[in-house]
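Notes follow the structure.
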Amino acid sequence: MKPWFLPVNFQFFAFMSPVPSLARLPKAPGLASKPVAEFAPTFRQLLGLGIWAGLLGLFLGLVTYPGLDQATETAQAQAGLVNYATNNPFFQYHIRVFSLPIFIAKELLPFLGETQVGMILNGLDGILAMVAMCFFTYAICRNQIYALLVAVSVHLSGIYATELPYHITLFGSADSHGRVGLLTLTLVLAFLLLQYDRTGNFLLGFSPIMHLTLGAYFIGLVCGSLTLALLYARLSRQPLLAPLAGIWRARFWLVAGFLLFLAFFGYHWSQFADAYQPTSASDLLAVKQFLVTIANHHVQFPFAVRNLLPLAFFFFLFSKLWKVGVGRLELFGGLLFFSGLIFLFGSYIPVEWMPLAFWQVVPPRLMNPVYLITPFLLLAMLPAISPRGWTIGLVSCFALLFVAWSKHLGWLAEQPWPNDLGMILLFVLSGISVPADWRLNLGKKPYPSAILVSALGLLLAAGLYGSLTVNKINTACTHRFKLQCWVHHVYPSYHNDAFLREVHDHSKLILVAGTGMVQLKTGVPVWLPDGINQGLYVPSTMTEIANRLKVVYGVDFKTFVGPRDGGIPMGPTLYTWKRRSQREWANLAEDYGFDSLLTSEKLDLPIKAKSATDTLYYFDNSDPQYYKLIIDRPFEKYGIHLGFNPWGDADDFWEAPSYPQEATIRFNEPQSLESVKLETGAVGDRTPTEIDLLGSTDGQNFTLIHQWRVKPFKGHEKRYLPAPNVEYRYFKFRFLGGPEPIMRIYSIEPVVRN
């Protein structure tokens, strides 16, 4: 096809030029004995497509699918705009995570606000998404307009996103790390298929800066296949396999890209390495417990029909491709499929059988590249069938646009069958695609009406994107459109929202559950983020996460039974939170330093501010009768956090191996006790029966005011011990003995005299 953009020749850096077609490379026996005609467009052709795809992606990222980005949230902490304690799990996560979007956001945040940085990242993400999809499709179909049509048709229909264990998104989701990594891998693959080996190799070496796991994974596949091919060529004294020869010649560009990544990473490491906390044995144990009891569906691949069909389509397609000949598409497609299959089945290996690094990869995610490229691949190959292939391809794209319309705008929006229609379409396409010598057929020019129909399809897609945009704007700004209203809706922040401003002004460390991106929206550090699966990536935080979950949220890694989730389990959390009194909340807040709680649930706490969906609670310890339990030393075997824990489970207790033991109660103002309530659990005979009560005004000098010598307790017994009518601010309990040498206390509570 004649270049349609830029009327003059345009020279660029050497690494942007394609290498000679593989059809002209030395042929090796075996796989390479069937030569294939690879495609190497001119730079002008590729630049033209890139400009149009980039402009479309910029619009979609900024206008149609904008949203908050987790990279900005991490950049807040790395830039020092939100101050955390070093041992906070979220801070440890922030300083460990590194990517180019985070680096860009961190450098821009001191000069621009979160909203402006979010816009920049959304625009860049949109450009990356559309360019990656279009370049990959163009490498197969060799027609720029059709590549654009396929890209928008597949994206709008969403048929690449089935019921995957690690979801695929292309625009607008807050969890951008995986999305950017997957799209970068797709772009690298596209450059390699387009014979731009210098560019492809450089981006491949640099790709870990986008997503460390996916970048390292694809580097391993490419370098591993190169190593085996070189070894085979040396042993057999044959030329290097043709699909890899050009990549081998451009190997130094891969090294250059990787060295640049190391330079960026070294800069990041030099800034934060001193604050890194080491990983302990207890951290590794907590990670395993998390994987066994709580970790969500990111870990295991569900063998559902909707998940298996695209893999069957891909395998069916490539089984025909390999019979024709093996080029780069066949080679890298096969590598991605079979290596992904290994990790997919590996997700069912018992946790204790594999090292932590295996689970940190999130095994099923490595099949996501296959899920993403399959529909693009099937549609892009259709013009190769014959002249009728163009008709089939265009009809298929229009069918996907109908699927998109029925899902997003039509009266069938609530029906499940549009997704099934997309699956049926993929099945049909996998059966009719790829004749013999399909690359040679693609070299033929399409008939003129095909280009016209493709352009009409792009206009239809533009109308659908426009309708989606208008619907979103109308939902956000119900009266009339204002840019400020739209920006505030997309990028909620304490700079533009009154409720979030209240949170920012009245909170120094906030407690959350079931709500994400709180730090980004409020500019306030979070005591524990909702996404506790971050501990899988930063295992040095997992013991602290487990302790905080158990004490404040009532969730125990060891005993948890319930729906798996990557966030804080809300069932036991709400059950625990709603049982707590205001005094118990104030005790916890004083112990752990948080001063407010943000949730959509209704709790028995004072309200500081309220929005349509969320409530900001605070903890009131100003009541004169408010008291704090003070423990002088750790609680031996069970740890300090389980002692005197009336807000925990009924069988939580403080157990010590010997007597004497002491505990102190501190009131806000001097009080007189009417009695002391002791409550036992399943085991009553370890409750102390010899107890001294001491009083003090300053917490330093105590006076003996009463002694209790009582009969042994029974299991599940509640008993009130009367106290003398004297006022003190501090009361100390000295436990001297009981029926057994081991002391166990389930609950102790002072009853103030009216």
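Every residue, even glycine, has its Cβ placed from backbone N, Cα and C.
Fair warning: this is a prediction, and the values are worked out from it, not measured in the lab.
Database features (TrEMBL):
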- 47-68: transmembrane segment (TRANSMEM)
- 119-139: transmembrane segment (TRANSMEM)
- 145-166: transmembrane segment (TRANSMEM)
- 208-232: transmembrane segment (TRANSMEM)
- 252-270: transmembrane segment (TRANSMEM)
- 299-319: transmembrane segment (TRANSMEM)
- 331-349: transmembrane segment (TRANSMEM)
- 369-385: transmembrane segment (TRANSMEM)
- 392-409: transmembrane segment (TRANSMEM)
- 421-438: transmembrane segment (TRANSMEM)
- 450-468: transmembrane segment (TRANSMEM)
Candidates 208-232, 299-319, 450-468; stretch with most C-beta pairs under 8 Å toward the transmembrane segment (392-409)
450-468
When only pairs 6 or more apart in sequence are counted, do the transmembrane segment (299-319) and the transmembrane segment (208-232) reach 3 or more Cβ pairs under 8 Å?
no
The recorded stretch from 119-139, 145-166, 252-270, 331-349 sharing the largest number of CB pairs under 8 A with the transmembrane segment (369-385) is 145-166
Lying 6 or more residues past either end of the transmembrane segment (208-232) yet within Cβ distance under 8 Å of it, the residues of that chain are 98-101, 103, 177-178, 180-182, 184-185, 188-189, 238, 240-241, 244, 247-248, 251, 254, 258, 260-261, 264-265, 331-332, 335-336, 339, 360-362, 365-366
Residues outside the transmembrane segment (47-68) whose C-beta sits under 8 Å from one of its C-beta atoms, at least 6 past its ends, are 3-6, 10, 118-119, 122-131, 133-135, 138, 144, 147-148, 151-152, 171-174, 465, 468-469, 472, 490-492, 517, 520-521
Hey, which bits of the same chain come close to the transmembrane segment (145-166), Cβ under 8 Å, at least six residues off its ends?
49, 52-53, 56, 129-130, 133-135, 137-138, 178, 297-302, 304, 306-307, 309-310, 347, 362, 364-365, 368, 371-372, 374-376, 379-380, 383, 393-394, 396-398, 400-401, 403-404, 407-408, 419, 422-423, 425-426, 446, 450-451, 454-455, 457-458, 461, 464-465
